[in-house]
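Report on the structure given below.
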4 protein chains.
Amino acid sequence: MQKLDSITPIITPFTDNKVDKDKAVRHGEDVLKGGMKYLFPAGTTGLGPSMASGEKHDLLDAFAHIPDHVILQVGSLNLEDSIYLAREAKKYKIHAVAALPPYYFTGMKREWLIKYYTKLSSEYPTIIYNYPDTTGYNITYDMVNDIKKAGGDVIGIKETTFNMNDILNTKMYVQDFKVYTGPDQYILSAYRLGLDGFVSGASNYGYKIINKIIENYDNKDGDRYQFLLNELADLSRKYGTISSIYDMVEIMTGIDAGNPREPFFKLSKEERNSLEKEMNEAFKKYNFKP
Amino acid sequence: MQKLDSITPIITPFTDNKVDKDKAVRHGEDVLKGGMKYLFPAGTTGLGPSMASGEKHDLLDAFAHIPDHVILQVGSLNLEDSIYLAREAKKYKIHAVAALPPYYFTGMKREWLIKYYTKLSSEYPTIIYNYPDTTGYNITYDMVNDIKKAGGDVIGIKETTFNMNDILNTKMYVQDFKVYTGPDQYILSAYRLGLDGFVSGASNYGYKIINKIIENYDNKDGDRYQFLLNELADLSRKYGTISSIYDMVEIMTGIDAGNPREPFFKLSKEERNSLEKEMNEAFKKYNFKP
Amino acid sequence: MQKLDSITPIITPFTDNKVDKDKAVRHGEDVLKGGMKYLFPAGTTGLGPSMASGEKHDLLDAFAHIPDHVILQVGSLNLEDSIYLAREAKKYKIHAVAALPPYYFTGMKREWLIKYYTKLSSEYPTIIYNYPDTTGYNITYDMVNDIKKAGGDVIGIKETTFNMNDILNTKMYVQDFKVYTGPDQYILSAYRLGLDGFVSGASNYGYKIINKIIENYDNKDGDRYQFLLNELADLSRKYGTISSIYDMVEIMTGIDAGNPREPFFKLSKEERNSLEKEMNEAFKKYNFKP
Amino acid sequence: MQKLDSITPIITPFTDNKVDKDKAVRHGEDVLKGGMKYLFPAGTTGLGPSMASGEKHDLLDAFAHIPDHVILQVGSLNLEDSIYLAREAKKYKIHAVAALPPYYFTGMKREWLIKYYTKLSSEYPTIIYNYPDTTGYNITYDMVNDIKKAGGDVIGIKETTFNMNDILNTKMYVQDFKVYTGPDQYILSAYRLGLDGFVSGASNYGYKIINKIIENYDNKDGDRYQFLLNELADLSRKYGTISSIYDMVEIMTGIDAGNPREPFFKLSKEERNSLEKEMNEAFKKYNFKP
């Protein structure tokens, strides 16, 4: 079995509420050294929707020395901003851009979504970022094909949904197109179901576990490591969505990944200690040495 | 019956994708002259979540000559930005700020939402903007009371929900607090159920109809005008959420309110003509002279 | 203000898992004496969807001496059964039947729902029982009008939804048609918004409170009593949906209303005592003497 | 790869609205001869929730000659009825019973669901039938383990959900337990993800296609046949949920499977012809000879 594309939606380190490029680079390089192939800055885990256009550009700049490993998330509620970033991505020659559809607003027409992706991907090859639970829009295979027919250069999709049927449909019905799973829980399934890769927020801290999943994708140990990763992802949510990842990175890799930015509130010391304790229990339960 | 607070979440006129302050002022003043009491810039209808912090400030600036009539929506995914705007609001002495809770991101802890509103409203009196369908969070009466207990200066709530029970609960269980309905459809109900006011996207173009609803709140004509407004709001959604309002303003008031900004795509001429035709049919059906 | 139609979806007393007609009659008569106008047997509160056709007929039989006060819920997943009961209702000359749409099954065509109600109501005047949360189908005003056009004799609707807009639309757009609110929380709103009546599960035990709501619909005491009723309904859900009502009836009226039937499990003694204590606290809080 | 358990939720043939045992036997035997291992009468596809207890017993009786191949769905809103059928199942020595949780009613306590399954499965080995979209309750792995701890003899679960993560969790965290996929779309995935079997409504008519999926589970042809089956399932929903299956059985197997029962309305001749035409197009598209 060929190795699938592995993608890390890296957290954005903030210092005094500003993007901290140095910390971003140190963390990003660690993740790549750990075996992941692409960094995906300004995604959901990277707090992308909370960032100004210029801040996303800071991240592009931070990783200018390793463009082949970068997929910048440029989707936003202002298409001009998104297009600007796609043009910059072209200058920087990164692997591709990715784009959330519009979010927050309800009632967007299907044709507007098609236009949005067609315009944007005409600037630079684009990976659709489908996350129906947060955006309210499900980008289904027929829409992808309509974007392609309209001339859009969409090259893949990140499917952040537990609905495996939607994922398999897109894999089946869209030609020459990479289909990546989004939930941390679906890494093993991406291998077993013949998909093209996976995006995993948990890879910010858990790339060693992911390597074990990959090595053992065809035996029971694969399940064991996948379920360990799932439990860490559950802990992350329990202690504070996204915020906890900054601590988990430091706990598992020793790297200082800075802070989140409010309204994502930093974990208190008590919370962090309790989180670390529960992480260690999970490691023991699944017989994993971090 | 005393007149309730009437609030218009004004659209933001864009010219070449920039905020057009002159057009904003002309439109805003027209709405106030038409009988509405407050302008609510940078709300959902105003495409607030798509605007940079500086663009929201442009709107604050545009209405600096009529601060008593302004409620600026400052909620965002970056609390520092929101706080900055609340401080500016204080300098400009506007009536109050309003704030959406964080949106897009799932799994925010209840205590984070409390902190968010407590910190923000400590800067300037704040109207909570509750819109569960777009934000994913329902700010219920018990949360409002917890914000107050924590020292927050929240003075009212815009309830954009069809769940009247949630609205009535907040009215009953929170003391010294203004409860405003959000859906266009609930203006008449705000009167009949003894609430404090209403926010109506349809008032951008339909303030004359709203005046009729108010005059006739205690008789059958009130229903007739309310249902006319509802049908216009339905048409607005049918022809393109928010985008259509720019056309409807020009059709009903003659004022050029500029353009929306993509991914909100402007209506084509055919769409606009068809919309105008359907609007005229609605006027006839309800025997209303615009 | 004219008194609205008041309807009690009475619980079904079971003894050894059989319908206990005597207890049903004693409880039903008490509720009518308490001021309610109609009994609504075999509704949701009456566990109708769990009852065999013959058991629903038992309830029809139990109330044969007061047919003018009876609205039997006959909707089911077997239209032949429902039609049989509608024909029996005709023989017994009760006020009307009511009918849930099909439930459980997803994907029923709109035209099937229209046919279902048209066929059924051709047998006897029918009140539509709209409860989208449990059935998965929202019977909207346009569907009601289509049923009427197809020859169905639907005379009203029980709207069990918190979406007041749907309720008001049906009131506005369907002619000669009674619109009843379903949630306990909307009794006061039914008066203030000019609807035709209300159905309240809480009236099984709380009819005295309901009388107070009605007497005070135009003043602040109306709110007070409505919110007391709401809190009792909340307690009911907390202690065990529907099961708790059997205890609440005995606690507030002294009448033995039998038992629910599993999988609705009877409250333990501890649970009942705790429920009674919380009910008394609610009475005190709202200054009500039961 | 070992062959997985294959289960057909057979439709119930009605003649004049009564269960037609002869037709049920003819259809059921055809499906078994076609390669399926178990019949699952009175499931959703079998219109189980619309059937009286005695009618479910008729189906038990109809298949008394092949008890090893029968899993009777006995779950209902009256636990006494369900227990009665489980006891009958014991007498008939069928493979197992299956049981939906209570449905329609909202707000059932978790402990009630545990009790329901514990009591029922104490009578006879029980397969949990988890179908959150229709029942409103998601029976998760922790609940299954609690049922086992309470002494229940639950031996497997039919997971009718597109959420593959829930399915995989139950497989991982419940010991000695069969996990079957429910959606037609997940037959191939059941093989590739190492589950124990599948239940497929489409197997009523499409068992030949299913055999092809199984033969080719590890190559691209597996996908092709799976997607053909998916398209047939889509057609089935388009032409009328469940009702269309009666026609599809006759079209593909030549067997007269009787009629559905209203409110499941029989397809008109035009609808049937159109359905048959679309089926033939699907066969051609996927190069399948029925």
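Every residue, even glycine, has its Cβ placed from backbone N, Cα and C.
Just so you know, TrEMBL annotations are computer predictions that nobody has curated.
Non-local neighbourhood of C:Thr45 (pyruvate binding site): C:Pro9, C:Ile10, C:Ile11, C:Gly201, C:Asn204, C:Ile242, C:Ile245, each in the same chain, at least six residues away, with C-beta under 8 Å from its C-beta. Mapped onto three states, the DSSP output places C:Thr45 (pyruvate binding site) in coil. Annotated pyruvate binding site per TrEMBL: C:Thr45, C:Val199, in sequence order.
Cβ neighbours within 10 Å of C:Tyr129 (active site, proton donor/acceptor), excluding its own Cβ and spanning all shown chains: 30. The feature active site, proton donor/acceptor is assigned by TrEMBL to C:Tyr129.
Sequence annotations record features per position, and here TrEMBL assigns active site, schiff-base intermediate with substrate to C:Lys158. A 10 Å cutoff on Cβ-Cβ distances gives C:Lys158 (active site, schiff-base intermediate with substrate) a total of 28 other Cβ atoms nearby, all chains included. For the recorded site, C:Lys158 (active site, schiff-base intermediate with substrate), the DSSP three-state label reads strand.
With respect to their backbone Cα atoms, C:Tyr129 (active site, proton donor/acceptor) and C:Lys158 (active site, schiff-base intermediate with substrate) stand 5 Å from each other.
Put simply, C:Lys158 (active site, schiff-base intermediate with substrate) is 7 Å from C:Val199 (pyruvate binding site) when counted between their Cα atoms. Residue density at C:Val199 (pyruvate binding site): 31 other Cβ atoms are found within 10 A of its Cβ, drawing on all protein chains shown.
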